[in-house]
Amino acid sequence: MRDAEKLFDEMRKRKLVPTLVTYNTMIDGYCKVGQLQAACSLRERMKAENIEPNLVTYNSLLSGLCRAQRMEDVKRLLQEMEAKGSVPDGLTHTLFDDDSCSGDADASLAPHAEAILKGERMNKHTCCILLNMLCKEGKIEKAKQVLDKLIENKFIPNETVYNIFVNGYCQGGDMNKAILTVEQMEIRGLKPSCITFNTLIHNFCETREVDEAERWLNKMIQKGVSPTVETYNNFIDCYGRMFLFDRCFHIIEEMEKKGIKPNVVSYGSLINGLCKDGKLLEAEIILGDMISKGVFPDAEIYNMLIDGSCMAAKIKEASRFFDEMVKNKISPTLVTYNALIKGLGREGRVTEAEDLLLQITSNGYNPDVITYNSLISAYASSGNTHKCLELYENMKKLGLKPTIKTFHPLISGCSKEGVVTVERLFHEMLQMDLVPDRVVYNAMIYSYAEHGDVQKALALHSQMVDQGIHAGKATYNSLILGHLRDGRLLDIKKFVEDMKVKGLVLKADTYNILIKGHCDLKDFSGAYAWYREMFDSGIFLNARICNDLTFGLKREGRLQEAQTISSEMSARGLDNWITDENLSAAVKM
């Protein structure tokens, strides 16, 4: 805007009078960069110079005010438009479809709604904007009251009005009323348009009610309304999310037969589904196919391929797609970098992952919570708790609010730092109004168990259950570990019975904890009892723990049990787990 301002000032110095087009260009620029005060000042200067604003002026100002959530100013500007007889166009209406207008629409436009309910008249365009905003805010019943009053005052709803309500009911999940609205529309002699059918089809596809979506597609064709690329894209996206790729391919073929060219969204939905299903080769084939047909991938499609490759631990492939993206002059986005950071972190390549932070900032982006969560998770997996805490503090300094997913790796990773550190993190999390989930509770319970504070572990377990979060196998494993560390053997069987009652099948991890815990307490009789149950369930014991148990039994002179373990391991083809020399050494101890 600085260059534009210099030119504008130069015009004034040379006594050249700015035209309406000049003012509109400057106002639009200011609104796009969020300098609303400057835009409004120019609007006042226009008034002083008797230059009347046109629809372009109003649309630019409305767009900026909506983005800034200044809904009272929006209301005043709409009133000014109405007073000057400036009729809103399609662009004006789309401004109020934007999510940026949400949050305050009902409060700011309540006077308009109340005025209509009292019998005051307004032009059709203003009424449509009001109804649309009320529906977007979920105030659909209020919108219905307003419409009923408008109809009483001889207002005749058109197709646009009915489409507003169809969309409103769909967004609220009330498909019965959405369909009823379409039927009312037809009773009044109005023909449902492509927008009407696409709205219904989109919602049914979103909820994976694909049979209903197909039914409305057939009805659409029967009514003489031709499906558009957007219609078919809904189905490709839906079937892609369901991993029904044959259906996706069939739809693309059907589109091409009807002369409807699949666009970047069509191919993107298919590629996204293939990547999520781990079918990376097929996704790349589709990429080549779309390029051969003159449809060129955008950043979003490359992001899908990069993320899919990273999820499959194919970092080399992800890097290749990244290089291809840059070669094709497609700028990587923050999503691109976040996918690579997450992928590199999962592979333990934490230094490379953190190096991408510099690339993010050098390319004009700011790292977000996802960036930091991925890095914290990577360093937690590598055991570098110091770096985890450093990144956590850095993100707070940058004004990024940690999410519950920030604390998942942070608490579990920092457990070895001691209870004081994890308790501090847990309390900070609560102060941020974040509600602990199962992962956080399990990490905290494990930390207390690991450090021998059984009472706090049990207290958190009770709190977890009170919150409606059921204890899983990880929870019970931690509680068993804590009680073993504290030498409280009487409660162990109760926990195991609880697990079985809840349908939690004991596997190697639980048995290893039980047997090792008893061995550590020199209770080799108890350890052997758990070994028997484990072996009879077809589960093999960890070799090191097996050695500990055998040595312990030997020390107590229980050679028969020790020999039984040795024979059973050998019978299962695991005769290298322990040597005779080790057994002899155990006897001598």
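Yeah, the Cβs are placed from backbone N, Cα and C, and that goes for glycine too.
These numbers come from a predicted model, not from an experiment.
Features reported for this protein in TrEMBL:
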type   : residues : note
REPEAT : 19-53    : repeat 'PPR'
REPEAT : 54-88    : repeat 'PPR'
REPEAT : 123-157  : repeat 'PPR'
REPEAT : 158-192  : repeat 'PPR'
REPEAT : 193-227  : repeat 'PPR'
REPEAT : 228-262  : repeat 'PPR'
REPEAT : 263-297  : repeat 'PPR'
REPEAT : 298-332  : repeat 'PPR'
REPEAT : 333-367  : repeat 'PPR'
REPEAT : 368-402  : repeat 'PPR'
REPEAT : 437-471  : repeat 'PPR'
REPEAT : 472-506  : repeat 'PPR'
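DSSP places the residues of the repeat 'PPR' (263-297) in helix, strand and coil in these numbers: 26 helix, 0 strand, 9 coil. Over the repeat 'PPR' (437-471), the average per-residue pLDDT in this prediction is 93. Listed by sequence, the residues of this chain that lie at least six past the ends of the repeat 'PPR' (228-262) yet keep a Cβ under 8 A from its Cβ atoms are 194, 197-198, 201-202, 205-206, 208, 210, 213-214, 217, 220, 269-270, 272-274, 276-277, 279, 282, 290, 293, 295.
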